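Below is one structure, written out as structure tokens; comments come after it.
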Amino acid sequence: MAAVKTLNPKAEVARAQAALAVNISAARGLQDVLRTNLGPKGTMKMLVSGAGDIKLTKDGNVLLHEMQIQHPTASLIAKVATAQDDITGDGTTSNVLIIGELLKQADLYISEGLHPRIITEGFEAAKEKALQVLEQIKVSREMDRETLIDVARTSLRTKVHAELADVLTEAVVDSILAIKKQDEPIDLFMVEIMEMKHKSETDTSLIRGLVLDHGARHPDMKKRVEDAYILTCNVSLEYEKTEVNSGFFYKSAEEREKLVKAERKFIEDRVKKIVELKKKVCGDSDKGFVVINQKGIDPFSLDALAKEGIVALRRAKRRNMERLTLACGGVPLNSLDDLNPDCLGHAGLVYEYTLGEEKFTFIEKCNNPRSVTLLVKGPNKHTLTQIKDAIRDGLRAVKNAIDDGCVVPGAGAVEVAMAEALIKYKSSVKGRAQLGVQAFADALLIIPKVLAQNSGFDLQETLVKIRTEHSESGQLVGVDLNTGEPMVAAEVGIWDNYCVKKQLLHSCTVIATNILLVDEIMRAGMSSLKG
């Protein structure tokens, strides 16, 4: 009897073989759910929430976040896979598949009496060797636009259908190249993702400027200005209550009038400063002048600005203030005391677009924008969500490629190369740990197998063809998902991120090892002691 049972008769315990069986079945259950998602030919999953909201997705990360997983081991694997996505932006589904397969292969040997500890030693040796192989086969190359487009396309085609992926690829790569600075880390927050429920998903485009999700608040303001100066400020142009809730006392109506006038004058002086600056820089020319303010602008101030032909937007989001100055230039101001023409940015075109109840302000034709907007369009909400998730992963894939300075061939080529190298390496490992290396090599082959299976080909036949081709030609051969035949991934331009594969090897081995070494599962929390 388990020791914990003596202390707490209500505790649930699974021991040795039973504990392992519970864990392996959890990993395989999760693997079966995500198996059909892998690769560009993977299928969709429809998630229906308790409130009846529908989400259509192929992205493993979204699935694992949205699914309610009860089983503790499955939940642990899901957390590891989503952490993989947080770190590298890709490889979630592969992570779950490889962990499930490592446990499945290990189970074959354990059922024949091999101790889990010996298998885990083999796993560790195999991981070290696999990382060496990865170092050898990575391709260091100049990250030009062509290469980045191949990397982004490989990532995006696994998330959305091919036609849309090709549209998004160009937009994603161009947005990264626009915000990239020499020898500085890439800040993906400088790419704003704005959604419009409008037209079809292939109308998604890159705006070399900014799109704000609100418009001017005065009917007389121009809807379109060209060659515009942009003033970004965080100054209140409305009367605000004091922060400490203090009040004023006045003896008579005259005093109250004076007080109101003083308040009004205080705001009007600020508006006058803006108007004077506009007259100074625009003169009699028909150049536009746009004020974008993070705080409020009251109706009187809006009226005064509209009379002067100034377009004013109030309550802009804080994240957009930083992007604005990067896109248009200029300096954001917290006070109007040191207002001068050097503080102004410039945009070639500013216009307002109305879509149903919503208004959007486009700031375009900026001279060298360091911040851009990806305008996502789609007919309904779940299409927009799906595209946004895909774009996020696409942006990360391009960023990783630039940061790594190298890429690895995709289409299962890396996994086949590692598996073949491990089988040769096996004979140099001492003792029974060889079996762990063999299990690791077999587990890696799940990726090309599932890619072939999801494309409708016989998985064993395809795998045999690829392995034969690999050993004969010595090239990095992957699966051609259109024909089921072997192909050289590098020639076709199918590239994966190096850091994704590296992270994959580390996290899968650690989690599979930990799960194999569990020989007792106890559910003996405080709740079990009640009653």
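Just so it is clear, glycine is given a Cβ too, placed from its N, Cα and C backbone atoms.
Sequence annotations record features per position, and here Swiss-Prot assigns N-acetylalanine to Ala2 based on similarity to another entry.
Here Swiss-Prot flags Lys5 (among others) as N6-acetyllysine, drawing on similarity to another entry.
DSSP assigns Gly91 (ATP binding site) to coil in the three-state reduction, outside any helix or strand. The Cβ of Gly91 (ATP binding site) lies under 8 Å from the Cβ of Gln84, Asp85, Val500, Lys501, Gln503, Leu504, each on the same chain and at least six residues away in sequence. The ATP binding site annotation in Swiss-Prot covers Gly39, Gly91, Thr92, Thr93, Ala411, Gly412, Asp496, Lys501 and rests on similarity to another entry.
Its own atom aside, the Cβ of Gly39 (ATP binding site) has 24 Cβ atoms within 10 angstroms in the protein chains shown. Residues or ranges marked as ADP binding site in Swiss-Prot: Gly39, Gly91, Thr92, Thr93, Ser94, Thr158, Lys159, Ala411, Asp496.
Every protein chain shown contributes to the tally, and the Cβ of Asp90 (Mg(2+) binding site) ends up with 29 other Cβ atoms within 10 Å. According to Swiss-Prot, the Mg(2+) binding site annotation covers Asp90.
When secondary structure is read from DSSP and collapsed to three states, Lys199 (N6-acetyllysine) falls in the coil class. Same-chain residues at least 6 positions away in sequence with a Cβ under 8 Å from that of Lys199 (N6-acetyllysine) are, in sequence order, Lys377, Gly378, Pro379. For Lys199 (among others), the entry in Swiss-Prot reads N6-acetyllysine, with the evidence type similarity to another entry.
Taken from Swiss-Prot, the feature phosphoserine applies to Ser205, supported by similarity to another entry. Cβ environment of Ser205 (phosphoserine): Ala171, Leu374, Leu375, Lys377 lie under 8 Å away, each six or more residues apart in the same chain.
The SUMO2 cross-link annotation in Swiss-Prot covers Lys251. Under a cutoff of 8 A between CB atoms, and with a sequence separation of 6+ in the same chain, Lys251 (SUMO2 cross-link) has no neighbours.
Taken from Swiss-Prot, the feature N6-acetyllysine applies to Lys287 (among others). Lys287 (N6-acetyllysine) falls outside any helix or strand according to DSSP and counts as coil. The Cβ neighbour count for Lys287 (N6-acetyllysine), using a 10 Å radius and every protein chain shown, is 16.
Non-local contacts of Lys365 (N6-acetyllysine) by the CB criterion (under 8 A, 6+ apart in sequence, same chain) comprise Arg208, Gly209, Ala347, Gly348, Leu349. Per Swiss-Prot, the feature N6-acetyllysine maps to Lys365 (among others).
Annotation source Swiss-Prot lists N6-acetyllysine at Lys377 (among others), citing similarity to another entry. In the structure as shown, the Cβ atom of Lys377 (N6-acetyllysine) sits within 10 Å of 19 other Cβ atoms. Secondary structure at Lys377 (N6-acetyllysine), as computed by DSSP, is strand.
Counted within 10 Å of its Cβ, the other Cβ atoms near Lys388 (N6-acetyllysine) come to 16, all protein chains included. What Swiss-Prot records for Lys388 (among others) is N6-acetyllysine.
In this structure, Lys501 (ATP binding site) is part of a helix by DSSP.
Across the structure, Lys159 (ADP binding site) and Gly39 (ATP binding site) place their CA atoms 8 angstrom apart. Lys388 (N6-acetyllysine) falls within a helix when secondary structure is assigned with DSSP. Here the candidates are the recorded positions Asp90, Ser94, Lys287, Lys388. The one whose C-alpha lies nearest to that of Gly412 (ATP binding site) is Ser94. Note: the Cα of Ala411 (ATP binding site) and the Cα of Ser94 (ADP binding site) are spaced 12 Å from each other. Across the residues the record lists as binding ATP (Gly39, Gly91, Thr92, Thr93, Ala411, Gly412, Asp496, Lys501), the two Cα atoms farthest apart are 16 Å from each other.
With respect to Gly39 (ATP binding site), the closest of these recorded positions in Cα terms is Ser94, chosen from Asp90, Ser94, Lys287, Lys388.
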